[in-house]
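Accompanying notes for the structure given below.
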């Protein structure tokens, strides 16, 4: 009740005739933006009497749900295109090692081809935050398609290792640009009921993109695979032309009527759109009333409501990398071969891609039914058990039979079930609106920088500690990640982004020590 009164009070303050919102800042708010806000709020003044969202009620019309899914499909096309360069090294390296041309490679060059993509991704991720705050989430996604197409052209026409590496760098830069905006965009356009599903679906498309490259690599040369990888980024650019910009970004830029038009399209019902947008604007005005709008970015990040989710996301990202989620994708064929077993390495690698795709679809559907915490904890325990069992098996001698590939496929399945989806979910849900764009880009920057180093060091680790030691490291990291998530990860299923922000404004750090009355406030 207190939150409803506060929201209505904020609305009355913003509409007070002849009186501007009280803002504790050094600079007065521009008259033009103030007039736009006052005009817009008067046009939706009736929303002050609308009830807040209640879990279980129909939030969007059928048309609104259809529009959200349709717009998500545009992002999925691009996400599938982002999966192509990830899986490309697993296809290209075996071919390049046996190629009887100047493009033939050794293990050292192979490690560079596999890892250089991740070395370039942090630069794109670092720039994606400022870019998406400046030009919007949708336009940033569109802009990322150009370097992705250029990168594949360089790879497909490469006549020297340097050009191949340059193409991998450009593709990595493009993937870095699109990673954060895709999660932020989907998080901001989706309603609470569908947010987990819609944020998770890019990973289905991503896995499908990896599988697509694996399948092509079994029948075509690596050059043909590169040329065919141009198709999806081109289609994604066209599809995004028909998608709206994020209402949250539009509202924070003072473009209220455009935000209302976008929200109405996404919700399919004007009253629902007015209510949700009204809450966004009210929260924005409360920030200004507290003087938070003028606080510098670094000072904002160091505030506990931002620092707590930021540390959790980065800690999990580091442990996820150490658990081998992406190394297994980059070196799929080599890992299966080095682990032994009766299954042909290429067949096992293709099977792992199929398992990853199938489990990603399953995980997205499960997000509609079960809690986030339950899903990721099952994922963590299963990942740890499979990797530690494989480490023990390999420590007893070379692997044989179907046990090693079966455990690898089990590892891929459990890891994908929750660990693979969680970074995108956390960026789309846990970060406060004010810093979501910039922090999302910086998080992916750090993530990819560490991923590059770990991927580059994998051949060295394999030589120094063996495959048993590698999988032992994967298992220990998965175990620690599971403990961290159990202690710190809040449950966000069915919660609005504003409700999640309110949870982090409370003093508790551990989820298990949260105040019990938080549940009555839907947090």
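Quick reminder: no glycine exception, Cβ is built from N, Cα and C everywhere.
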Of the ranges 439-459, 502-522, which one does TrEMBL flag as transmembrane segment?
439-459
Could you check which of 45-68, 69-92, 93-116 is flagged in TrEMBL as transmembrane segment?
69-92
Among 69-92, 311-333, 375-395, 407-427, which stretch has the most Cβ pairs under 8 Å to the transmembrane segment (197-219)?
69-92
Near the transmembrane segment (407-427), which residues from the same chain, at least 6 beyond its ends, have a CB less than 8 A from one of its CBs?
180, 182-184, 187, 196, 199-200, 202-203, 207, 309, 312-313, 316-317, 320, 323-325, 328, 335-336, 339, 348, 351-352, 355-356, 359-360, 362-364, 367, 372, 375-383, 385-387, 389-390, 393, 436, 439-440, 443-444, 447, 474, 478, 481, 485, 492
Restricting to the same chain and to residues at least six past its boundaries, which positions have a Cβ under 8 Å from a Cβ of the transmembrane segment (225-243)?
71, 73-75, 77-78, 80-81, 84-85, 88, 91-92, 138, 141-142, 145, 148-149, 152-153, 155-156, 167, 174, 209, 213, 216-217
Mind pulling out the one from 311-333, 375-395, 465-489 with the most Cβ pairs under 8 angstroms to the transmembrane segment (439-459)?
311-333
